[in-house]
Amino acid sequence: MAAAVALAVLLANLQGFAGALVIALGLGLLVRNSGLFHPRLNPGIRAATKRFLRLGVVVLGLQLSLPEIVGLGLPVLGLIVASVFISFFLTRYLGERLGLSRAASTLMAAGFSICGASAIAGMQSIVDADDDEVASAVAMVTLYGSAVILGLPVVGGLLGLSGETFGLWSGLAVHEVAQVVATASTGGAAALAVATVVKLGRVVLLAPVAALVSFGISRSTAHPRKAGARSAPAVPLFVVGFLVLVLVRSTGLVPAPVLQGASVTATLLLAAAMFGLGVGIHIPQLVRTGGRSLILGGVSTVFLGALTLAGAVLVTA
């Protein structure tokens, strides 16, 4: 697993198209479906994957600063919250109507509405999705995120959007953090600065959305428990840890080298988790559900893009 993560990071640094998380997932897929993986390793891989997922999301909290996000102003903050929640619940609803499971629909909704593969990884440990469902969601986020990198600058140019408006739109509409940077950079330094902070504002919402999903699952579970058994917490502990580290970062007391180390650590942990998920994926099963995920991803991307374009133009008018 360590070798796969190192290779994923190396390949990610050699090109700007796919991030380490996506590459690690692809390496896991390759290992599983080429016959290199021994089934006896599966229990250990699954246990390690779950731990890496949760630790990675916790450490991700050190990348977010509340003062920077609050500094965007109430109209922009309201737009961030509205776009995330509307897109999330609409995508999940449409996914179920298309015949996807609640877990698969939730992963797609998290990836497209919040922060791509990182949100999918965080939500996977809550909804207990199959590895195939995780792979499908990550693949769709990568596919449509790449399309948006090419499409948004073209639309922004045709509409004559200002740097501020284009940056706001990029931060609201693009899925992955790296994809946001690639898209917004075409609009200049002002667009990039706005887009980055707006995107981090969306990432912060991973915690409340995850808590709501977890609470809904705990309320809907009707299985009786044995005497003395404890139910799962409505708010997962890793979400609490994520919020605690957001608050720690927001104090401004964390040294820059620590923040840089935390960023690298989060990437390594989540890449290890993605490799573990990839190892559990059987490609024929993934192909059978790919068509519905493709439709859902397209609808979600277009809807989020249109909604946030209107909002960005309105807020910056």
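In case you wondered, yes, glycine gets a Cβ from its N, Cα and C as well.
The annotation transmembrane segment is assigned in TrEMBL to 6-31, 76-95, 107-127, 139-161, 173-197, 203-222, 234-252, 258-281, 293-315.
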Contact set, same chain, for the transmembrane segment (139-161): CB under 8 Å, 6 or more residues outside the stretch: 17-18, 22, 108, 111-112, 116-117, 120, 169-170, 173-176, 179, 182-183, 186-187, 290, 293-294, 296-298, 300-301, 305, 309, 312-313
Two-stretch contact, the transmembrane segment (203-222) and the transmembrane segment (293-315), at least three Cβ pairs under 8 Å: no
Ranked first among 76-95, 107-127, 173-197, 258-281 for CB pairs under 8 angstroms with the transmembrane segment (234-252): 107-127
The transmembrane segment (6-31) in contact with the transmembrane segment (258-281), cutoff 8 A, at least 3 CB pairs, sep 6+: yes
Among the ranges 76-95, 258-281, 293-315, the one whose Cβ pairs under 8 Å to the transmembrane segment (173-197) are most numerous: 293-315
Remote residues contacting the transmembrane segment (258-281) - C-beta distance under 8 A, at least 6 residues beyond either end: 1-2, 4-5, 8-9, 20-33, 37, 42, 45-46, 48-50, 52-53, 55-57, 59-60, 62-63, 117-118, 121, 124, 131-132, 134-135, 138, 249
